[in-house]
Every structure is written in C-alpha cells, then in structure tokens.
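*Asks:* Provided herewith is a single structure, encoded as structure tokens, for subsequent inquiry.
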Amino acid sequence: MEELILGIVQGLTEFLPISSSGHLAIFTAIFNSTPDVGYFAFLHLATFLAVLIFVKSEVFEIINGISKKDKEYINLASKLVLSTIPAVFVGLFFGDFIESVFSSTYLIGIFLSITGILMLLSDKLNKNLKTIKSIPYFDALIVGVFQAFSVLPGISRSGTTLFAALFLGMKKEDAVKYSFLMSLPVTFGAGILELHNVAFSTEQIFGFVISFLTGLLGLYLVKRMVIGGKLKIFGYYCFLASFFVLTFL
C-alpha cells in the first residue's frame, strides 16, 4: 500500500509546482519508514515517460529539425542540454548531502516555503517576450541553475524552472514546454543512476504504473494553471504544507 500511495504522490506532484521529492519525503516520515531513494528514482522514470508522451510532438519536431541540420532546432537542443548541466553537476557531486536532506523534515518545511514564495511571484510575471526558440543561451543556463536547486526536497523543479523562465520574459505556454522538455534528461538520469537499488517488487511496479498515469494528469493540470495565471494556488498550498511539516513532523 505504501508503494501505491507514493506512486500517486510522485505522479501528481512531479509536475505540479509543489515538490514531488518533498512530498515523497513527507509521506515517508508519516509512514515512519526509511526514505527509499532508489524507489523514488524509479518513480522518476514513470514521470519521464509521462512527459515524453505529453511533449512528443515537440520532441519529434526537434529530432526532425536536427536530422535536417536546421540551425534553429540544433540551437534549441543545445540550450536544453545547457539547462541540464547544472542539475547533473549537483546530482553527481552532492548526492550524499541531498540524500541526507530527505531525512530532515525541518529543511523540507523551509524549502516548501521558498517554493510557495516563488509561485506567488510567478503569477505577477507576464512579459510574454520570448519563445523556447528565441531565448538566449545565458537564459537557458539561468533556468538550468534554478533547476539545480530543485534536487533539494521541498524545492519544486517545475516551480523553479517556471519562475525562472517567466522572470526572464518567456511566454507562459513556452515556459511550460521548456520546463517539461528540460525535465526529460534530468528525470531519466535520476532514474537510471539508482535503478540498481530497485527491488522491482509487484508493489513497486504497480506504483510505477500509477505514477505514470497520475503524472499525465499532473501535466495537464499545471499547463492549465500556468496559462490561467493561477500558480498562486500552489503557493498557498506550499505554505500550508510547510506549516504542517514544521508543526507536526
């Protein structure tokens, strides 16, 4: 049952800007069990597949453009790779520290508050100047740096990248697309690196399937909320979650 619940939590919260890793750590604390970082990473592969389906047209468009040596798509792919580098660096060199944070509900509560603040600010950002193809390389790097902070449980990956993209003047729909696209190598890498620690029990595989299905729902919801200017709802939720964690866990 625990694996099933964690699968639902991962699927829904991976793309909603409320921190999936933070919620997985919270529910692990509620269950009074040891954080299974390997299983958490396995669930990331489920949400990777959900994103791949959700942005399949953009992925095929990029692959097709690169195969035709279209400079515009080659540049876009290069920017996505650049956005990924900071998170990969942090994951490889600070993995032990990150794993230790999963056991600190106090830090998770603080980080959730930070995510809440970013979501309240995001709704006020509406420059609508740049598309995913027109953003400069420097902007791509900045978004990547923000994503790197999301390796900490409580700091939302989608929340930080959406905030950064909107702050830098990207159109809302393009900010969503860019956030989803740049999540692909990160979630895939996180899953593959820890795959050897997964038991592949029936419960874990079922949790994987549930995480995939709820991930698709989460993707749809966050796209609607960003375009509709309702990210502040997630901000208020993060404050409530932070209060709960700091008070009761």
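Along the chain as shown, the residues are counted starting at 1.
Positions of Cβ are set from backbone N, Cα and C atoms, glycine also.
According to Swiss-Prot, the transmembrane segment annotation covers 11-31, 35-55, 80-100, 101-121, 135-155, 180-200, 202-222, 226-246.
Describe the structural context of these features.
*Replies:* Among residues of the same chain six or more beyond the transmembrane segment (80-100), those with a C-beta under 8 A of the stretch's C-beta atoms are 35, 37, 137, 140-141, 143-145, 147-148, 150-152, 178, 181-182, 185-186, 189-190, 193.
Sequence-distant neighbours of the transmembrane segment (135-155) (same chain, 6+ residues past either end, Cβ-Cβ under 8 Å): 19, 21-22, 24-25, 78-80, 82-87, 89-91, 94, 98, 101-102, 107-112, 114-115, 161, 163-165, 168, 170, 178, 182, 186, 242.
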*Asks:* Going along the chain, which residues at least six beyond the ends of the transmembrane segment (11-31) come within the CB cut-off of under 8 Å?
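*Replies:* Result: 2, 5, 40, 43-44, 46-47, 50-51, 102-103, 105, 108, 111-112, 115, 118-119, 122, 150-159, 162, 180, 187, 210-219, 221-222, 231, 234, 237-238, 241, 245, 249.
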*Asks:* Decide whether the stretches the transmembrane segment (226-246) and the transmembrane segment (101-121) have at least 3 CB pairs under 8 angstroms, with pairs required to be 6 or more apart in sequence.
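*Replies:* Output yes: the transmembrane segment (226-246) sits against the transmembrane segment (101-121).
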